[in-house]
Structure formats: structure tokens, C-alpha cells
Amino acid sequence: MYCQRLRQLRKAHKLTMEQLAEKIGIAKSSYGGYEAESKKPPLDKLVILARLYDVSVDYILGLTDDPDPKVERKNLKEFLEKPDIHWDGYKLTPEILDPIRKILKLVTANNN
């Protein structure tokens, strides 16, 4: 899937393989391998490509059809009110969460 997305994005941006390879700092043959799916692009190159095209890495990999790289923002206060929160497999009880909530309240109150 990534090979098709990379080809589609490159053509949409009117770039040759050589131009794109130069932009991301690799040989044309390496980039050609990505589009031919004979080579897998390393994560750092996927991130560079995603930024270059203003899409998400998930989009390039075919994990989503939404190219928008927006980060979903979550309200931590709402999250900490949920009844079933875990940290590294360990359930966080109200006794653990209450001091965390208090610290966050103090920190945010001092910054306002």
C-alpha cells in the first residue's frame, strides 16, 4: 500500500523520483525501491515524507484513508475522571489519581 501512496503523492506534487530522493537525502535507487515495494522506507524517512506532503505517516502506510495529519487533542481532566485508567497494566485507583489531579490543578492554577 505504501508504494502506491508514495507514487500518488509524489506525482500530485509534480516531483520526479530524483527530485524527491534529493529532498529527503537518499539515492534515487533507494527511493525507487520504496515505490517498487522492494525496499521498506525507515521510520525517519516516512516522517520526512509525511511532513513534506503534509499527510500522516498512517496515511502513507495505508492505515487510514484520511491524509490529514491532525493530532486528536484530548482533555486530560476528562480522561482522569474515567473509572478505568491503567498505567503500564496497573489499575490506577482513586487513591493514586487524587494526588495527580491535585498536582495538575496547582500547576495549571499557577500558570493562569
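Quick reminder: no glycine exception, Cβ is built from N, Cα and C everywhere.
For the ranges 17-36, 37-56, the feature annotated in Swiss-Prot as DNA-binding region maps to 17-36. Per DSSP, the DNA-binding region (17-36) is made up of 17 helix, 0 strand, 3 coil.
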